[in-house]
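Q: Can you keep this structure in mind? I'll have questions shortly.
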Amino acid sequence: MAPGLDFSDWWGNKEGTPVVVKMENPSYSVVEINGPDSAFRAVEKSRGKNAKQVTWVLLLKANRAVACVAWLATVFWALLGTIKKRLIFRQGVAVATEKLGKGKLVLQIIRVFLAASLAILAFEVVAYLKGWRYFESTNLHIPRTLDLQGWLHVVYVAWLTFRVDYIAPLIQALSQFCVVLFLIQSVDRLILCLGCFWIKYKKIKPRIEGDPFKSDDVEASGYGYPMVLVQIPMCNEREVYEQSITAVCQMDWPKDRVLIQVLDDSNDESIQWLIKAEVAKWNQKGINIIYRHRLIRTGYKAGNLKSAMGCDYVKDYEFVAIFDADFQPNPDFLKLTVPHFKGNPELGLVQARWVFVNKDENLLTRLQNVNLCFHFEVEQQVNGTFLNFFGFNGTAGVWRIKALEESGGWLERTTVEDMDIAVRAHLNGWKFIFLNDVKVLCEVPESYEAYRKQQHRWHSGPMQLFRLCLPAIIASKIAFWKKANLIFLFFLLRKLILPFYSFTLFCIILPLTMFVPEAELPMWVICYVPVVMSFLNILPAPKSFPFIVPYLLFENTMSVTKFNAMVSGLFQLGSSYEWVVTKKAGRSSESDLLAAAERDSKTMNQPQICRGASETELELLNQLQEQKEATPTPVKKVNKIYRKELALAFLLLTASVRSLLSAQGVHFYFLLFQGLTFLVVGLDLIGEQIS
């Protein structure tokens with residue numbers, strides 16, 4: 001083998017003589033080589049920059065800063081203009097009536113706190129200007145009698161003494177209680193997230209074994225599809241009735257093995273005609289669909305479903321699928337859900353996940369998407385996997401009719417009939433399955449008014465149900481740990497404690513501590529833990545990470561409505577039985593729009609022929625089409641002013657001014673942005689363009 005010749009070490013250690021290479025051709029540059037690697041060394045970043053380049057970089061950064069400041073100034077100026085227009089001159093707005101329980105009482109209490117905070121702030125400002133600064137952080141120094149300067153100083157010192165002896169201990173006790181609840185709820189949220197991570201890591205999910213439609217009967221045709229009843233309850237759903245009926249009628253299931261019930265509780269005759277027309281259209285196409293209308297609308301949705309289940313032909317069906325009027329299931333929905341019942345006689349419910357066609361419509365819909373993604377991805381999936389129990393979402397689910405009947409059927413005693421039947425079925429030993437991979441399109445409310453009413457019903461109903469179900473839970477024969485889960489986790493922690501501590505801690509105690517520094521909340525309660533919890537909440541919707549701060553602030557803002565609703569339901573106040581249908585916008589997905597365009601083009605190119613239709617039926621269809629074309633012009637939306645939110649906005653902004661006197665920077669920014677969030681919501685600006 002030839003010897004290896006490696007001169008790299010010798011060459012690197014040898015100090016080379018500088019060599020100047022000059023070329024006769026002037027287009028070549030002159031290179032001076034001091035060593036073997038000098039030509040290959042990395043060029044320093046700072047090298048080669050001249051003064052002109054630095055100037056341009058600084059100008060670009062200055063331009064970006066000016067653009068950002070200009071944008072903030074524009075938003076601030078627009079906000080001031082909207083405040084002037086809506087709050088002072090009341091143009092195009094109406095004051096929201098306080099019908100939600102003891103709304104007026106809560107408003108009066110907030111106003112008392114606001115008046116007291118303004119008076120104390122004025123007193124503190126005078127004391128600050130006069131130099132009466134007797135406290136550093138939380139240590140209060142009470143001056144001696146000889147140091148008093150006039151009657152105003154005497155009153156101020158008396159206020160300090162009263163504050164330390166009587167007010168601070170009460171606030172400290174309440175804040176410590178709320179902090180304990182806050183930590184318990186945070187631990188529960190963390191455990192749910194860990195359970196979700198475990199499910200993802202182990203790839204745990206319900207699976208269908210073998211061919212689900214293979215018939216066990218040798219003499220049968222070979223495949224067995226169970227009889228399925230599909231129900232679409234609706235009430236005055238002008239915007240969405242057509243797309244929901246269309247989606248359900250296009251589901252892939254044998255036509256002789258399915259019956260679709262359109263349960264219309266509309267009290268508007270024009271809407272009734274439109275829905276009848278849609279049902280008649282699909283009936284002409286051979287779909288087994290019927291229209292039902294109740295003359296007396298009792299029990300709201302529960303009464304509607306109860307009436308439909310009382311029909312004689314229901315006994316021929318084994319399962320029932322329920323879809324609200326804005327839900328659009330995929331054609332394979334029944335084939336992905338019904339097979340889970342085969343070979344599993346204890347299974348009573350299969351729940352699918354919701355996805356939202358309008359989640360990017362505005363800021364409000366984006367924030368709702370964060371909450372609902374966490375609810376389905378984490379809460380429903382973890383409880384369904386490890387406990388086989390969760391709250392039925394009221395739609396996009398398939399029930400075994402036997403489970404409904406053995407659990408007492410639909411009851412009209414609360415506004416959360418879905419949660420009611422789920423709890424009673426759980427007490428009777430039925431199991432539930434949640435399918436995170438089966439998704440059904442629907443809408444979220446696009447206006448704050450609709451969202452507020454929806455949240456009131458969702459948070460007052462569980463408290464009604466808790467009062468009614470508690471004796472049955474205690475007396476039931478299920479395992480003790482299941483009873484504990486129902487009482488302490490399902491009802492108390494997630495339905496009662498969460499809105500209570502959120503409202504009390506961040507909307508009442510925190511601003512009060514600015515005027516009572518002796519009861520100041522620790523930084524980890526105000527900042528660190530809420531940010532971590534918001535981060536966990538937003539994980540199932542990773543595209544919403546830029547909205548983590550607005551999400552945290554908006555959740556604290558919504559705690560007012562949720563707390564009010566919780567109290568209303570717990571003490572059975574009048575508004576806890578109020579049912580308001582959530583307003584829909586009738587949004588469609590991109591695929592739906594393309595399909596509609598294709599249907600319209602086919603309709604234009606081909607004449608419509610209603611085969612098998614009599615002359616009377618054709619005349620009826622023409623009348624229905626005329627009713628559909630005579631759709632009234634939509635009325636311009638009137639924005640609302642929400643007085644509780646506005647009162648809390650001014651309370652928090654007042655507390656932020658007080659925090660400046662104590663040089664509490666983090667408290668100031670939190671109170672300032674939280675107050676501005678309340679102001680935006682109180683003026684009904686969220687989800688709207690500022691004008």
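Each residue, glycine too, has its Cβ placed from N, Cα and C.
Automatic prediction, not curation, is the source of TrEMBL annotations.
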Q: When you get a sec, could you say which of 518-533, 646-661 is annotated transmembrane segment by TrEMBL?
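A: Per TrEMBL, the stretch marked transmembrane segment is 646-661.
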Q: If you average pLDDT over the domain 'Glycosyltransferase 2-like' (320-527), what do you get?
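A: That stretch averages a pLDDT of 94.
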Q: In the same chain, which residue numbers or ranges, 6 or more beyond the ends of the transmembrane segment (174-199), come under 8 angstroms Cβ to Cβ?
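A: Counting only partners 6 or more residues beyond its ends, the transmembrane segment (174-199) has Cβ contacts under 8 Å with 205, 377-379, 381-382, 385-386, 489, 493-494, 497-498, 500-501, 504-505, 509, 513, 519, 521, 525, 529, 532-533, 536-537, 539-540.
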Q: Residues of the same chain, at least six outside the transmembrane segment (646-661), with any C-beta under 8 angstroms of its C-beta?
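A: Residues 87, 107, 110-111, 113-114, 117-118, 120-121, 124-125, 128, 507, 510-512, 514-515, 560, 667-668, 671-672, 674-679, 682-683.
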